[in-house]
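Student: Take a look at this one; I'll ask things after.
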Amino acid sequence: MTFDFDLFNLDAWNALLLQLQSLGVDFGLRLLGAAIILVVGRWLAKQLRRLIKRLMTPTTIDPNLIAFTSNLAEYGLTAFVILAALGQLGIQTTSLVAVLGAAGLAIGLALQGSLSNFAAGLLIVFFHPFRVGDWIEGGGESGFVEDIQLFTTVLRRLDNKTVIIPNNSLTGGNIINYSTKGILRVDLVVGVAYHEDIDRVKRAIAEALAQDERILSDPPPMIGVLELAESSVDFAVRPWTHTEHYWPVYFAAYENIKKKLDAAGITIPFPQRDVHLYPAPKAEAV
């Protein structure tokens, strides 16, 4: 802004004062707007940090990771607020945003795998597809969840080996949670000889299952003919039990059924084939 100014001209001084007053009012309004943006923005950033802490605290995530995540969200929103306040003051922030964007892109590319695991960890924390103590199958592994971290999930396999799985491997595929409903169906197959009476076999199997108190009566076990196999009539045996009793019931059920069938004189056949021998044709006399 340019204007002619005469040092000894009263009108020039009045014009200068009017110009300064106009500039002062304009800058004051801009400064007031920037201050409001900073105050409100900082308040929102703090509320965001508290919200994230409140959502993540009931989980089993390490407190240090909770603090890191909440602070990261607060600082990110604060940086955005500062840029908005600078823009309100009339400061060009385009080049600054470009530099920050380029730096963020470089860091993102360098940490692509870690960031994807971080995002997957947040999804697990917020949507709870499983919790600590659940028996799950995912990422090519099966076991009990011992710890849920922002980048990895720790499983204890059934053979008591510890497996650390990247969170992205879990959320990127199917997750089977065996603990969600609290009960599981145990799928067994029992084969008996073809000459055995079907109803008698079903009663014997039902009596064997009734010996185990861990097997639930509601829902009741299902017993029925599954297949007419080559050497046996195969029965599908489907008892229900609580999740923590699945494997003990699985092994005990087979043992009890075998003992009950033996006591009832019911034959459990082994694979067999009938071989028919025919005499070789006699050679014709020459």
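Heads up, the Cβ atoms here are built off N, Cα and C, so glycines get one too.
Under the heading transmembrane segment, TrEMBL lists 27-45, 65-91, 97-127. Marked as domain 'Mechanosensitive ion channel transmembrane helices 2/3' by TrEMBL: 75-112. Annotated domain 'Mechanosensitive ion channel MscS' per TrEMBL: 114-179, in sequence order. Annotation comment: TrEMBL describes 186-268 as domain 'Mechanosensitive ion channel MscS C-terminal'.
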Student: Determine the mean pLDDT over the domain 'Mechanosensitive ion channel MscS' (114-179), rounding to the nearest whole number.
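Tutor: Averaging the confidence scores along the domain 'Mechanosensitive ion channel MscS' (114-179) gives 87.
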Student: List the helix, strand and coil residue totals of the domain 'Mechanosensitive ion channel MscS C-terminal' (186-268) as derived from DSSP.
Tutor: 34 helix, 22 strand, 27 coil
Student: Write out how many residues of the domain 'Mechanosensitive ion channel MscS' (114-179) are helix, how many strand and how many coil, based on DSSP.
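Tutor: So the counts come to 19 helix, 24 strand, 23 coil.
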